[in-house]
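Peer 1: Structure provided below as structure tokens; questions to follow.
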Amino acid sequence: MNPAHLLVLLAVCVSLLGASTIPPLPLNLVQFSNMIKCTIPGSRPLLDYADYGCYCGAGGSGTPVDELDRCCQTHDNCYSQAKKHPACKSPLDSPYIKIYSYTCSGGSLTCRDDNDECGAFICNCDRTAAICFAGAPYNKENYNIDTKKHCK
């Protein structure tokens with residue numbers, strides 16, 4: 001890719017992070033999605049988990065509706081910790097855009113040693129959540145729920 005295009009893309013990403021009224025979309029969603037596919041082969045993370053319970057997807061509030069939703073709440077909390085982590089001070093270290101390296105082998109995830117401290121922290125947030133998802137039942141009745149009613 002042309003370096004000028006990369007700079008424009010980076011500028012757009014940084015400006016999105018600075019927009020206080022618009023929550024940033026996780027730009028490393030592909031990595032997290034692939035981690036989930038590693039622990040749950042055949043799953044469709046972007047479809048199945050983007051609007052599940054009170055915490056899976058954008059935002060989150062109230063009491064989690066089940067074990068899977070608690071996995072998402074824990075993941076949200078981990079990202080909040082990452083934003084405050086001393087090694088994650090740069091806007092480029094946001095958990096929503098930070099790229100890290102990991103391996104998937106036989107359903108087992110490993111965050112690689114070549115990650116910097118911030119990347120390792122965020123990788124472990126995603127790894128822990130993917131493992132949690134794999135151990136939690138998926139209840140279809142908790143997909144696309146009325147969050148105003150169920151997430152108080």
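Using the three backbone atoms N, Cα and C, a Cβ is placed for every residue, glycine included.
Here Swiss-Prot flags 1-21 as signal peptide, drawing on sequence analysis. Here Swiss-Prot flags Cys38-Cys104, Cys54-Cys151, Cys56-Cys72, Cys71-Cys132, Cys78-Cys125, Cys88-Cys118, Cys111-Cys123 as disulfide bond. According to Swiss-Prot, the Ca(2+) binding site annotation covers Tyr55, Gly57, Gly59, Asp76. Residues or ranges marked as active site in Swiss-Prot: His75, Asp126.
Surface or core, plus neighbours and distances: that's what I need for these features.
Peer 2: Its Cβ placed at the centre, Cys104 (disulfide bond) has 16 other Cβ atoms within 10 Å.
For Cys54 (disulfide bond), applying a Cβ distance below 8 Å and a minimum sequence separation of six or more within one chain yields Gly60, Ser61, Gly62, Thr63, Pro64, Val65, Asp69, Gln73, Ile145, Thr147, His150, Cys151.
Residues within less than 8 Å, Cβ to Cβ, of Gly57 (Ca(2+) binding site) and separated from it by at least 6 positions along the same chain comprise Tyr49, Ala50, Asp51, Cys72.
Secondary structure at Cys72 (disulfide bond), as computed by DSSP, is helix. All protein chains included, Cys72 (disulfide bond) registers 22 other Cβ atoms within 10 Å of its own Cβ.
Shown in sequence order, Cys56, Ala129, Cys132, Phe133, Ala136 are the residues of the chain, 6+ apart in sequence, with a C-beta less than 8 angstroms from the C-beta of Cys71 (disulfide bond).
Within 10 Å of the C-beta of His75 (active site) we count 22 further C-beta atoms, all protein chains included.
Annotation note: Cys78 (disulfide bond) sits in a helical segment as assigned by DSSP.
Sequence-distant neighbours of Cys118 (disulfide bond): residues of the same chain at least 6 apart with a C-beta under 8 Å from its C-beta are Ala82, His85, Ala87, Cys88, Ser90, Asp93, Lys98.
The secondary structure of Cys123 (disulfide bond), as reduced to three states from DSSP, is helical. Neighbours of Cys123 (disulfide bond), defined as other CB atoms within 10 A of its CB across all chains, total 25.
For Asp126 (active site), the same-chain residues lying six or more positions away in sequence with a CB closer than 8 A to its CB are Asn28, Gln31, Phe32, Met35, His75.
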Peer 1: As a test of the contact definition, list every same-chain residue at least 6 positions from Tyr55 (Ca(2+) binding site) whose Cβ is closer than 8 Å to its Cβ.
Peer 2: Pro64, Asp69, Arg70, Cys72, Gln73, His75, Asp76
Peer 1: Using other CB atoms within 10 angstroms as the count, which residue among the disulfide-bonded residues Cys78, Cys125 scores least?
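Peer 2: Looking at the disulfide-bonded residues Cys78, Cys125, the Cβ with the fewest others within 10 Å is that of Cys78.
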Peer 1: Compute the C-alpha separation of Cys111 (disulfide bond) from Cys125 (disulfide bond), stating it in Å without decimals.
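Peer 2: Just about 10 Å between their Cα atoms.
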